[in-house]
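What TrEMBL records for this protein:
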type: BINDING; residues: CYS65, HIS69; note: Cu cation binding site
type: BINDING; residues: ASN469, ALA470, VAL471, LYS472, ASP516, LYS532, SER547, LEU551; note: ADP binding site
type: CROSSLNK; residues: LYS717; note: ubiquitin cross-link
type: DOMAIN; residues: 349-588; note: domain 'Histidine kinase'
type: DOMAIN; residues: 615-732; note: domain 'Response regulatory'
type: MOD_RES; residues: ASP663; note: 4-aspartylphosphate
Amino acid sequence: MESCYCIEPQWPADELLMKYQYISDFFIALAYFSIPLELIYFVKKSAVFPYRWVLVQFGAFIVLCGATHLINLWTFTVHSRTVAIVMTTAKVLTAAVSCATALMLVHIIPDLLSVQTRELFLKNKAAELDREMGLIRTQEETGRHVRMLTHEIRSTLDRHTILQTTLVELGRTLALEECALWMPTRTGLELQLSYTLHQQNPVGYTVPIHLPVINQVFSSSHAVKISPNCPVARLRPAGKYVPGEVVAVRVPLLHLSNFQINDWPELSTKRYALMVLMLPADSARQWHVYELELVEVVADQVAVALSHAAILEESMRARELLMEQNVALDLARREAETAIRARNDFLAVMNHEMRTPMHVIIALSSLLQETELTPEQRLMVETILKSSNLLATLINDVLDLSSLEDGSLQLELETFNLYAVFREVLNLIEPVASVKRLHVSLNLAPDLPEYAIGDEKRLMQTILNVVSNAVKFSMEGSISITAFVAKSESLRDSRAPEFYPVPSDNHFYLRVQVKDSGSGISPQDIHKLFTKFAQTQSTATRNSGGSGLGLAICKRFVNLMEGHIWIESEGLGKGCTAIFIVKLGIPGCLNESKLPIMPRMSTTIHSQIAFPGLKVLVMDENGVSRMVTKGLLVHLGCDVTMVSSSDECLRVVSHEHKVVLIDVCVPGIDGYETAMRIHEKFTKHHERPLIVALTGNTDKVINENCMKVGMDGIVLKPVSLDKMRSVLSDLLEHQVLFEAI
């Protein structure tokens, strides 16, 4: 090995010093090599350390320093050039790494200082989070108290219980000295002490509502601290103590305009009650924010609960009122049902008891009219017959009105000769008009159909009633009857807004005008004409007679025929014009298979018909009625057998009898059972006689019962000679006859 003379010692090496340096370099190298191992362990374990690359660089610097000191051990003795080169390389690398590390530390140190700032910031944030958590816990506590109070308040809907429970629960939750509720009086000008927690002040004490402190509380939606010495806060007796803090909050009284709660004001503006809460005296306690929020929430909950309670009280009062009304309605319904039953019983009695004598009078008059009479006698008989027919018409009017009012009357639609209806009305009215020397004219428009579909009987009754009124109230002059098809533009009438005519190809509207030259009527009295049993002053003063039912019934008939009726008059002494419009069907356009077409024979042909040898059995309990019916049948040539009971009828009836007339409305005799037993007696249809019911009752139940037991027809009393002739003729021809009821 060659000797190296690169290092020239400046002073003689001391052997002891060299030894210590040698040992020191060894331990320094050992320390330098151990520190990187610890840094490597730290970097490996610290996954979130932000300067790992700096630690790696610092570790390289320490390793190089350690290597430099280790190599330096060989320089204490004579060493080769290779050692010198290695030593130089290590020192150059160490210098480069140390400079780079120093430069990096210039940037790292400010970041390390900012970490301290962040640590301080995090500490502040942690403190703020602690405060927020405390606030959240406070809010949760407040919410728990609110839920508890709400549950207690809403557990009942009694107003007094709600308010008293509110005060008790607030006093317990907030540890209050006193809590009170001031309610507005009925006048709304004062607040009255209505509820207190400990009742230290007498309830009923009042203060003016316009005090500044009250206005201050009412104008704010939040709880307001008020002076303990103000009038609404003097809730404790005077004494030597330091009063606690007092807050007040308004309690809205919702929708007082919609209901009234006992003595509360019925006002449309919003009103408030006042809740006052006092902390214990001689204490340093103050109101916290969360406690004020609790008070505000409870005040709102109380307002809602009070509104619910008020609605419940109102609904209970409405329910009680409704129950009272239901009781009254039930009583009225029972009374109405009793009245209806009494009316029906009366009508049934009147039907039978009044129609039976009318049947006798009309039948005997018609029989007497067939005998040889002097002109004076014939005039008297005709007068009796006409008067009897008028009385029968009055009875029919009363019964028809009853049926119209209870809705049981229905139109009987059939095809009929419209011209014949007007001619028959003219024939009936001309004798009466001639007595008063009134000229009656009939004008039928050329476009008026000869045949129509409708209720012939009701139409004729309406026309006859209107024309009869014209004759009745006319002393002189003339009466004109005009009929034509109403045009669509003339159908609507402002006097009847409910009348909505609908033009169609299947029907037409018949317009009838009856104009007279009578005494007229005041325009203000026209509306009274269609009221039943009512007569105007102008008509009542005249000796005209009448029941006041005619036009009332006509109006109902016209309404059934989907029409309209009215009266026109310019005043007293200027005559009247009665006008009505009814809806009639056009034959050939409707389903006529369902409409009966009864063939009609002329009066002349009918008057010539007789029934010689026709055996007829008559069952009637009333002897007079039985004799009259027999007289009619005998005059028509019939062979009549009379019986007065069901048993006698069943014993006498035989296959020789062609017709059996049974009065089904006789008390004590069941005519329906008699009809059924006749059916049982004659099993063969051609041997059984035709069974016809004679009745004075127009109830539809009679019709249904007769059809149910198999009767072949119904004839309504009274019966004249011509009517009996027509009945027998139609019955024998068609084998069935149900007269309109």
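Yeah, the Cβs are placed from backbone N, Cα and C, and that goes for glycine too.
Just so you know, TrEMBL annotations never went through curation; they're auto-generated.
If you take the Cα of ASN469 (ADP binding site) and the Cα of the residue listed as '4-aspartylphosphate', they are about 35 angstrom apart, rounded to a whole number. Averaged over the domain 'Response regulatory' (615-732), the predicted model reaches a pLDDT of 83. Between the alpha carbons (Cα) of ASP663 (4-aspartylphosphate) and ASP516 (ADP binding site) lies a span of roughly 44 Å.
Between the CA atoms of ALA470 (ADP binding site) and HIS69 (Cu cation binding site) there is a gap of 152 Å. Counted with DSSP, the domain 'Response regulatory' (615-732) comes out as 52 helix, 25 strand, 41 coil.
Note: the CA-CA distance between VAL471 (ADP binding site) and CYS65 (Cu cation binding site) rounds to 150 Å. Neighbour counts of Cβ atoms within 10 Å were taken for the binding-site residues HIS69, LYS472; the minimum is at LYS472. Taking each Cβ in turn and tallying the other Cβ atoms within 10 Å, the top scorer among the binding-site residues ALA470, VAL471 is ALA470. Recorded residues HIS69 (Cu cation binding site) and LEU551 (ADP binding site) have their alpha carbons 143 Å apart, per Cα-Cα distance. Long-range neighbours of ASP516 (ADP binding site) (same chain, six or more residues apart, CB within less than 8 Å of its CB): ALA470, VAL471, PHE473, SER474, GLY477, SER478, ILE479, GLY575, CYS576, THR577. A Cα-Cα distance of 24 Å separates the residue listed as 'ubiquitin cross-link' from LEU551 (ADP binding site). Within 10 Å of the C-beta of ASN469 (ADP binding site) there are 23 other C-beta atoms, taking all protein chains into account. When the recorded positions CYS65, LYS717 are compared by the number of other CB atoms within 10 angstroms of each CB, CYS65 has the fewest. Recorded residues LEU551 (ADP binding site) and CYS65 (Cu cation binding site) have their alpha carbons 137 Å apart, per Cα-Cα distance. A gap of 150 Å separates the Cα atoms of CYS65 (Cu cation binding site) and LYS472 (ADP binding site).
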